[in-house]
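Chemist: Encoded as structure tokens, here's the structure I'll be asking about.
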Amino acid sequence: MRIAVLGAGSMGHGIAQVSAMAGHDVVLRDVESEFVEAGLAGIRENLQGGVDRDKVTETAMAETLERIEGETDLEAAVEAAELVIEAVPEDMDLKKQVVADAEAATDEGTIIASNTSSLSVTEIGSALEQPECAVGLHFFNPPHLMDLVEIVIAEQTDERTESVAIDYVRGLGKEDVVVRDTAGFASSRLGVVTGLEAIRMVEEGVASPADIDEAMRIGYGYPMGPLELTDHVGLDVRLHIAEHLRSELGERFRPPQTLRRKVRAGTLGKKTGEGFYVWEDGERVGMSGDWAGNA
Ligand SMILES: NC(=O)c1ccc[n+]([C@@H]2O[C@H](COP(=O)([O-])OP(=O)(O)OC[C@H]3O[C@@H](n4cnc5c(N)ncnc54)[C@H](O)[C@@H]3O)[C@@H](O)[C@H]2O)c1
């Protein structure tokens with residue numbers, strides 16, 4: 001299939017990579033050539049990492065890179081595409097504009113997918129002349145390592161679009177779950193609940209962040225505890241999502257005061273060196289606040 005990926009940032013370049021690895025011809029489009037180049041460099045780096053770890057052969061790397069073209073011109077990027085996947089910043093007006101412009105430059109029937117993590121795919125699709133071709137493809141970060149893709153079915157998505165989306169995701173060798181277009185889909189909604197409750201438990205002094213995380217890691221088989229994950233995602237990002245879910249789904253998503261306080265203080269997690277843990281050179285070296293000094 002010919003696929004256009006719009007936005008060459010964190011997600012877009014990864015989506016382009018996994019698509020090309022599955023044998024699709026991919027055009028990766030961004031607004032400036034330096035962003036396109038950065039995306040292509042990211043793909044080369046990911047593939048080289050795979051080669052170094054014996055996960056990807058030199059031949060597969062070369063063939064994958066051959067299937068990906070960089071582009072800044074929208075019309076050239078989406079021309080003849082059967083599937084367009086937008087991965088531009090999380091802004092409703094921008095996404096509506098991007099999908100409408102893409103649709104106008106493609107053939108009738110081209111599937112237009114959004115990688116939004118929280119916005120309504122139904123609303124994004126409302127910007128299309130053929131909203132039945134809209135679908136959500138919620139990849140996880142980083143796309144080349146994460147196995148799950150949520151397929152988000154908007155109010156207008158038709159059966160053909162759904163089945164193309166499912167075939168595409170399975171063809172990537174990923175696992176799909178099909179969810180209705182509701183706030184937080186399946187994964188964020190449950191993930192955020194656990195994260196917020198873990199923060200409330202720290203506030204109430206139930207246990208230290210490390211012990212709460214260990215309980216979920218060892219007791220429930222989570223690959224990473226909810227507080228450590230919050231530090232990875234970014235406390236500001238978590239707060240923003242919680243506020244969105246609260247407005248859509250109710251008070252059970254009310255962000256705890258500790259989360260607001262830490263965001264105001266600029267302790268945003270791993271990226272700033274401190275969240276619920278203290279981080280040095282990307283490694284967890286201790287806990288924050290009242291628990292400081294404990295590993
Ligand atoms: N980062 C994550 O962990 C993650 C996970 C799942 C889903 N998402 C979703 O993926 C989308 C992209 O997120 P990201 O983290 O990759 O963002 P990012 O900021 O890393 O990349 C966005 C890219 O889009 C480009 N862009 C802006 N306007 C454009 C246009 N009109 N046409 C083409 N490109 C344009 C920007 O220049 C930038 O390179 C968002 O909707 C986000 O919610 C992100």
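Placement of Cβ uses the backbone N, Cα and C atoms for every residue, glycine included.
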Chemist: From the candidates Asp30, Asp167, Asp290, give the one listed by TrEMBL for the same NAD(+) site as Gly7, Ala8, Gly9, Ser10, Met11, Gly12, Glu90, Lys95, Ser117, Asn141, Lys271.
Modeler: Asp30
Chemist: By DSSP assignment, list the helix, strand and coil residue numbers for the domain '3-hydroxyacyl-CoA dehydrogenase C-terminal' (184-279), in that order.
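Modeler: Counts, helix then strand then coil: 66 helix, 5 strand, 25 coil.
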Chemist: Could you say whether, by DSSP, His138 (site 'Important for catalytic activity') belongs to a helix, a strand or a coil region?
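Modeler: Reduced to three states, the DSSP call for His138 (site 'Important for catalytic activity') is strand.
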Chemist: I want to check the contact list for Gly9 (NAD(+) binding site): same chain, sequence separation of six or more, C-beta distance under 8 angstroms. What comes out?
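Modeler: For Gly9 (NAD(+) binding site), the qualifying residues are Asp30, Phe35, Gly39, Ala87, Pro89.
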